[in-house]
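Below you'll find the structure, written out as structure tokens, and then a few comments.
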Amino acid sequence: MNKTFFLVVIMATVLVLAFDATDAQTNVRCTNTRDCFSFCSQFTNVHPACLGDYCECLRWEGGISI
């Protein structure tokens, strides 16, 4: 059972990283947060941020970023 658990954890991690990398290809490059306002305007209840030279639209719920 221990081997199965670790295999499932590894497979789930690989899937999360693969989908995260795919999503990152659609992001817009930025130099500051103001560049991200128009990109994030397509979403509701988000806060634009320029993180790692790319626009991120952060949604805060209960103090946890999703």
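Each Cβ is built from the backbone N, Cα and C atoms, and glycine gets one as well.
Per Swiss-Prot, the features are as follows:
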- C30-C50: disulfide bond (DISULFID)
- C36-C55: disulfide bond (DISULFID)
- C40-C57: disulfide bond (DISULFID)
- 1-24: signal peptide (SIGNAL)
Position of peak Cβ density within 10 Å, selected from the disulfide-bonded residues C36, C40, C50:
C36
Spatially, and counting Cα to Cα, which of the disulfide-bonded residues is closest to C40 (disulfide bond)? Options: C30, C50, C55.
C55
Within 10 Å of the Cβ of C30 (disulfide bond), how many other Cβ atoms can you find? Include all protein chains, please.
20
Rounded to the nearest angstrom, how far is the Cα of C55 (disulfide bond) from the Cα of C30 (disulfide bond)?
6
What is the one among the disulfide-bonded residues C55, C57 whose Cβ has the most other Cβ atoms less than or equal to 10 Å away?
C55
In angstrom units, rounded to an integer, how far apart are the Cα atoms of C50 (disulfide bond) and C36 (disulfide bond)?
7
Spatial separation of C36 (disulfide bond) from C57 (disulfide bond) - C-alpha basis, Å:
8
Need the DSSP three-state call for C57 (disulfide bond) to compare against my parser.
strand
